[in-house]
Amino acid sequence: MSSVNGKRRVNPLELCAAEKKRYDSCFKHWYNTKFLKGHLETSAECEQRFEELQVCVNAALEQTSNFEQAHLIELSNMLCFVSSASIFRDRPSHTRICVRPCAISVARPRPRQHAAASTRMSTNFSGPDVLLSAPSERVYVKTDPNGMPVLHIEDVSKRPPIWLVAVIAGMAAFAVWLVRRFIMLKRLSQKYVRKDLNKDIADFYDLRSAAWESVWGEHMHHGLYDVVNRKKLKGQAAQIRTMSELLKFSNTIDVDLPSNSRILDLGCGIGGSSRFLARHFGESCHVTGVTLSPYQANRANELNKEKGLDGRVENEVRDALSTGFGNEEFEIIWSMESGEHIQNKRLLMQECARMLKTDGRLLMLAWCRRESTPPFSLSERYSIRRIMEEYCLPNLASPSEYSTEMIRAGLRDVKVEDWTQRAAPFWGEVVRSALFNARGWKALAKYGWPLIKSALAMRHVMTGIRLGVFRLVAFSARKATQEEIEAEKERIGELSCRSASSLPSPSQV
């Protein structure tokens, strides 16, 4: 490096060799991100480098009749860092190239072609125009379809071939699939055990019930999004529809209960279903709701008093498998999406049969999985596992498991109906109520991570519905009379005798 007229003189080849790696790296990064300001040097460093570049270009113009391609590439690289420079503004030139910094574009045509650029890159800069001087016969400035002058330099950039883009996209998709499959297999390989299931359930609802009530009200179950009078139900109207349809499904909606009848609400939440049943069946009945959550029981009794039902509805903290109630106390046992929280379905049905009066009704809506034929795929098993983990479920039973245990416990006239598709829009409406509702945002801000975690867990139920592995199933059963049970035993005995007599004797064999 030497000094000419008090200014440093830089050999262009030395500059290209020394700075090529740095400039190429910066240029490629700018080209890929289309963003400049975050990579600018300080104004003093920029001014110093622009001064060196000006000396370099002057030397190149003096030594050659036109720009060599290497010099032009280095000049374009430096041009990427121009924000408010006018270092070439005063130099006379044979050909003046005006580039507006707000529309710098670099293109590379196909080999042996000098047509307009096939690939364009633009970014926003602030500052005056940059005037470049080059005694060249080539035209380095072209006009885009909008009339904007752009800089065109050959052999600087190249559009990647379509096949390469497709290969990269395919590899990225495969990598995502592979990672997702690894996560599924890792989680499914871990044993799922809850040390204290009842405590987990109580804590789950203690932390979330208030938030749910602030957005959705007193009912904590699916809604049925049927069309009634040419209008599709939604919100609380759909939830009330669920309870009415369960009464219709079990043929109890028009039943007149005898005086002082009792109804048991297993898994009562904050008492929404309990109060619905008390209003529906009138003053002749008394409703008792049980839950594992102390918050839910206290809040339910507060709402009972507010609505004038405290004398007819009471809610208590009890375990559904050991309620402490006597034999044959209830005309109706109601379970609205609570059976899935109970580990032993056989004990649950035996307890319900014990507490029901003869000809009493069991009405149940439960979360289920589909039947095990055909075998579950990896995605289905992962979806079931995630639902169980997020919603404190010990297992998800199939509809046939519920109905089989009902029959074993002495319940008859068992009816089963799948309501999954009727209730499918429920989860989408819950998500919208959380994201596009002021009350939803207030609840998320107030109750924090437990509520946010539940909101994120909704996607697993939605995935289960989409895969067809998650089912919402309605059940109805009646407690058989003693005469019916004795008659069944006699028929079973007769069938056993007939089958035994039809077998050949040992002597005949």
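Cβ atoms here come from the backbone N, Cα and C positions, even for glycine.
What TrEMBL lists as domain 'Methyltransferase' is 263-360. For the domain 'Methyltransferase' (263-360), the DSSP-based tally of helix, strand and coil residues reads 40 helix, 30 strand, 28 coil.
The feature region 'SAM motif I' is assigned by TrEMBL to 263-272.
What TrEMBL lists as region 'SAM motif II' is 328-336. With a cut-off of 8 Å between Cβ atoms, the residues of this chain six or more beyond the region 'SAM motif II' (328-336) that come close are 221, 242-243, 246, 252, 257-258, 261-267, 269, 273, 277, 285, 352, 354-358, 360-366.
Among the features that TrEMBL reports, region 'SAM motif III' is placed at 355-364. Within its own chain, the region 'SAM motif III' (355-364) has Cβ neighbours under 8 Å at 246-247, 249-250, 252, 264, 323, 325-336, 339, 402, 406, 411, 474-482, counting only residues six or more beyond its boundaries.
The transmembrane segment annotation in TrEMBL covers 161-179.
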